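Visitor: What follows is a structure written as structure tokens; I'll ask about it next.
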């Protein structure tokens, strides 16, 4: 069993990761639009605890008069915060107070990386969380006074909320809904128990443009393969348009002074436990990482504004560059609720986003798609959506995995990406593709090891997006990557600036050798101070990598041949459509996009594919085309086909 390198690897036995319930800090945002509370929804009682907590009614139904509690999680901002705005309105209308609470109860928010199916946040996420909570707490007190300070408590959630509600004489609790399976289950349980105890509980939508259970894919009319962007986009367009973002409050009805209600200092929550050396000194890996970021709401809004005014117009032509010169870098702020998706959607629309960059315009839909997938396949962080791929063979190579994690593969572009990830908690979209393809295709190491590492090291670690990306990279997801990214490609870094920054060992080489130092003449290596195998690692031989890559392809073909019941006559993989995911195909077998090299055109498979409206079709043929109908299409692509065989599915990495 491969053992992934953990952040506490170097010093003493690894400190057990402490994990948190999602939250984030912010400074106040500029007012946006006209104040309205019609966009939020309230959970209500129904037949079961789960349905009680998920059912919703129009937010115009007033919260109970009296003191209000706002339970902060992954919605730590002031702009466009439906839960906060609703609580403030209810408290003001009855001359009452509101209080904000953050509770740290990691065991209730998910399981561990090694065996779990709904991972709680770890690693870089915790560092971001702690910095963000500090910032938000200061912002609240600066803007609204000491009575607006966040009440910090440890779990369990239910007991802590019941105790606090009694102390505050609260009549209503407001929270923003979460969608990760373990968190959702916890929220439903807590919601139902609190309502049964007599406290009104109101759940609000604030994390996504569209909640996952609302979108129903219509496969009666062909718009693309099931589970890919276009059918989902069309399903979302049939839903109610996202409500206008709410303005940040200019005042909050909080107590004039801070009141001791059993809260802790933020440090006492012990959100982030750093490892210690043998001599007892702390290894602060988080501090240097956070130097790359301003973990505040104001920074999120500034980044977005700068992007829509200066970066959006160049996004289509520059988004593939490894140095992230024209990307927004707002992904961690969206992930942790410092940037409202509704506000981002509105601001990009105001800048002509759909006309300027159709790719960026659809980014938030891609994000919603990942949560739709997680909703219908709640164990997808571990279990292949193409269930028969669970039997696929993978290499067990701990040394290669560690080299990949540490950025010591001998391939400068791969190493640059992995070092940037470890040092800053982030990397650009195309570089994520490079390192993911290198691990799964070239090293033939199971995609779950990459998924775990990203979950531990990304500041924008998102269970839904991360799972979708790595499933597709490993060919087990709904939208197999239909491109091959060469680890020696210089197209993303033609000038070598990116590799020079993160792999300084090769900085002095001529540019033409910077991505392939093994091709440099001995005199150039000597002049650059490079001794391969000493100052910079030897690479795995290209010939061996190609052998491994073809071996991986054969293993995929093998698992498909072993399960002919999960392929149709055209060679496409089949999956069982989850209940509630489509207009009329729930519970049936449905074809999903399958990379052309894996299709077995000559086999007589027993399962007839479900019609998708128009039968044969001609397929989309940008790049190598996007097969559809009965499989006569020529692939699955919307890219240029230069340097890779091109597929829009590479956009599912979503670092914006």
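Using N, Cα and C of the backbone, Cβ positions are placed for all residues, glycine too.
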Visitor: Which one of these stretches, 545-600, 601-656, shows up in TrEMBL as region 'Disordered'?
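Guide: Within the set 545-600, 601-656, TrEMBL attaches region 'Disordered' to 601-656.
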Visitor: Name the residue, out of 360, 438, 483, that TrEMBL lists for the same FAD site as 315, 460, 461, 462, please.
Guide: 360
Visitor: CA-CA, which of the recorded sites 394, 447, 470 lies nearest residue 315 (FAD binding site)?
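Guide: For residue 315 (FAD binding site), the closest Cα among 394, 447, 470 is found at 470.
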Visitor: If you count other C-beta atoms within 10 angstroms, which of the recorded positions 360, 394, 470 is the most crowded?
Guide: 470
Visitor: Could you tell me the C-alpha distance between residue 462 (FAD binding site) and residue 470 (site 'Electron transfer via tryptophanyl radical') in angstrom, no decimals?
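Guide: That separation, Cα to Cα, works out to 12 Å.
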Visitor: What mean pLDDT score does the domain 'Photolyase/cryptochrome alpha/beta' (66-209) have in the model?
Guide: 97
Visitor: Cα distance, residue 447 (site 'Electron transfer via tryptophanyl radical') to residue 470 (site 'Electron transfer via tryptophanyl radical'), nearest Å?
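Guide: Roughly 6 Å, rounded to the nearest whole number.
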Visitor: Roughly how many angstrom lie between the C-alpha atoms of residue 360 (FAD binding site) and residue 394 (site 'Electron transfer via tryptophanyl radical')?
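Guide: Given the Cα positions, residue 360 (FAD binding site) is 34 Å from residue 394 (site 'Electron transfer via tryptophanyl radical').
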